[in-house]
Amino acid sequence: MQKTNKFLKIGTKEFKSRLLVGTGKYSSLEVMQKSLINTKCEIVTVAVRRVQGLEHGHKGLMESIDWKRIWMLPNTAGCSNAEEAIRIAKLGRELAKLAGQENNNFVKLEVIPDKKYLLPDPIGTLKAAEQLVKEGFTVLPYINSDPLIAKQLEEIGCATVMPLGSPIGSAQGIRNAANIAMIIAESRIPIIIDAGIGVPSEAAQALEMGADGVLINSAIALAENPILMAQAFSKATEAGRDGYLSGRLKENPLASPSSPLEGVISNN
């Protein structure tokens, strides 16, 4: 965990913003573009399969983002096993090259056989991550909030781990804060909370806990005003990080007056 680092460092890259943003579910490319600007993000994740298949909402996506300013994070969304994820990761690397990022080996690794709750497969994720690390990828795996899996992925060479706050798109917030706190405490790599965050205050909570960043998509894209919500998440992420660095007031079972009692005028 990068406790007091000024920048978010993933692999050999450093980023000022700790807010990563997804590109799906926006009502239009124009709304997405304006939202991305308001987030001040420097990393944007792109679903390789959907972009290549030109699915609804993804046609023209690659051309609508300034890849000289934004670092692409290809993801393996839609992959249900390790082999499929490895293949899509390689396509993602080529996609980044087409965008002019020749040295981009980043991949957001998702192995999700469960179509109902979209929970990641830990065994498939470990298998794919191990192979991708060997092939020179900077691997950012999406995982359940399991400290043991997180540590195993760190030990095989992943650049971060990305535990879910709650299921993808559920807007349930950070449901397993205790486990995530364990992951943060035991990790020597950055921790990015991914999935389930629904409002800016939950992003602030994640950073206050000591997470190094958050990845947000649905909460911005599906808001009534995505462009304004993007700005709110940007501010919340910065506030949460500042709050963490400031050192919070310790909880106390007793009250503590904010004004000193010495010198108080008595009734006598």
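Here the Cβ of each residue, glycine as well, is placed from N, Cα and C on the backbone.
Swiss-Prot lists ALA195, GLY196, ASN217, SER218 as 1-deoxy-D-xylulose 5-phosphate-binding residues, and of the candidates GLY169, GLY240, GLY243 the one it assigns to that same site is GLY169.
Apart from the site residues GLY169, ALA195, GLY196, ASN217, SER218, the chain places the Cβ of GLY22, PRO167, ILE168, SER170, ALA171, ILE197, GLY198, ILE216, ALA219 no farther than 8 Å from the centroid of the site's Cβ atoms, the recorded 1-deoxy-D-xylulose 5-phosphate location. According to DSSP, ALA195 (1-deoxy-D-xylulose 5-phosphate binding site) is assigned to coil rather than to any helix or strand. Cβ neighbour count for GLY169 (1-deoxy-D-xylulose 5-phosphate binding site): 17 (other Cβ atoms within 10 Å of its Cβ, all protein chains included).
A simple Cβ count within 10 Å picks out one of the binding-site residues ASN217, SER218 as the most packed, and that one is ASN217. Within the same chain, the residues at least 6 positions away from LYS108 (active site, schiff-base intermediate with DXP) whose Cβ sits under 8 Å from its Cβ are THR45, LEU73, PRO74, ASN75, THR76, LEU140, PRO141, TYR142, MET162, listed in sequence order.
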